[in-house]
Amino acid sequence: MKEKKDIRILAFESSCDETSTAVVKNGSEIESLVVATQIKSHARFGGVVPEVASRHHIEVITQITREALEEAKVSWEDLDAIAVTHGPGLVGALLIGINAAKAASMATGLPLIGVDHIMGHISAAQLVEPVEYPALALQVSGGHTEIALLKDPTHFEIVGDTRDDAAGEAYDKIGRVLGVNYPAGKTIDQWAHQGKDTFGFPRAMIDEDNYDFSFSGLKSAFINTCHHADQIGEKLDKYDLAASFQAAVVDVLAEKTVRAIRQYQPKTFIMGGGVAANLGLRERMNKEIAALEKAPKVILPPLKLCGDNAAMIGAAAYNQYLAGNFADLTLDADPSMELPYAEDYK
């Protein structure tokens with residue numbers, strides 16, 4: 001019997017403030033992963049500056065492409081495809097990765113695969129262990145908070161979404177109020193473990209009969225509480241503030257997700273995105289799902305695969321490769337790209 005050929009994909013990720021390249025074999029094995037972070041450059045601004053992000057991508061993308069190939073000990077001739085995030089994200093940042101991937105595809109003749117950034121985060125799970133379908137994914141990051149149902153690796157639908165702010169965005173905004181440098185999530189998580197939920201911040205939409213989220217009211221309640229305390233000269237405990245904020249976020253995410261698991265009965269539950277690195281959220285999701293009568297397999301990617309990285313793009317691209325979904329050199333950035341919603345799903 002003929003031995004199955006390994007499929008190696010060189011992937012690019014540049015949708016926001018991380019420039020990353022990776023070589024992924026068979027959609028599940030990371031042969032190399034290089035991430036050039038820009039956190040220090042953006043921290044003084046309190047958030048990502050698109051023009052600064054694009055300039056940094058330009059400066060490092062050639063070098064980290066070379067590093068990814070060297071780390072994987074492969075040449076261009078060993079590759080089977082080139083993959084790149086083409087949305088959603090910052091348009092200028094996306095274009096740097098897209099143009100690099102197009103140039104590589106044109107120079108080598110290798111097929112080009114465009115990858116949805118959100119599907120990349122979800123596909124990070126298959127770098128940990130095989131995903132059994134149907135699967136349910138909670139994607140929670142600075143730009144998105146969504147619950148997605150996956151019927152197979154390339155067919156999916158959104159069953160719940162945020163109506164306003166994403167959870168990660170709320171973390172960063174209240175971090176500014178607390179004087180925490182961008183990105184604020186890790187510090188707030190650490191503080192939350194040292195405090196108590198004493199402020200009773202709102203859990204918006206937690207009892208509504210849907211899987212949507214809203215975090216703008218929570219953010220406003222937090223800011224108003226802090227401003228009122230400042231006006232009357234009251235000093236609030238930062239650990240209790242962090243614990244109260246995080247409890248409100250985690251309560252809603254856990255309640256909605258567990259309810260969706262009960263309805264859709266997935267074989268696997270996946271959590272992805274930068275906020276998936278939050279230890280309080282990981283602990284709560286593991287506890288809630290383990291208590292279910294019919295619990296799915298739970299895959300929580302390691303912390304290094306929760307943030308933006310090219311390995312997850314390579315994993316998602318492998319699924320597209322097997323399905324024959326290739327792009328041509330007209331591939332363009334789609335900064336507002338969205339996964340299909342349930343009512344639009346075919």
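Glycine residues also receive a Cβ, built from the backbone N, Cα and C atoms like all the rest.
The candidate list Asp240, Asp251, Asp308 contains one residue that Swiss-Prot assigns to the Fe cation site with His117, His121, namely Asp308. Substrate is bound by Gln139, Val140, Ser141, Gly142, Gly143, Asp172, Gly185, Asp189 in Swiss-Prot, and the record lists one more residue there from Asn26, Asn278, Asn286, Asn309, which is Asn278. Reduced to three states, the DSSP call for Gln139 (substrate binding site) is strand. Comparing Cβ neighbour counts within 10 Å across the binding-site residues His117, His121, the minimum falls on His117. When Cβ atoms from all protein chains are considered, those within 10 Å of Asp308 (Fe cation binding site) total 26, not counting its own. Same-chain residues that are not part of His117, His121, Asp308 yet have a Cβ within 8 Å of the Cβ center of the Fe cation site turn out to be Glu13, Ser15, Thr85, Ile118, Gly120, Ser141, Gly272, Gly273, Asn309, Met312, Ile313. In this structure, Gly143 is the one among the binding-site residues Gly143, Gly185 with the smallest number of other Cβ atoms inside 10 Å of its Cβ. In this structure, Ser141 is the one among the binding-site residues Ser141, Asn278 with the smallest number of other Cβ atoms inside 10 Å of its Cβ.
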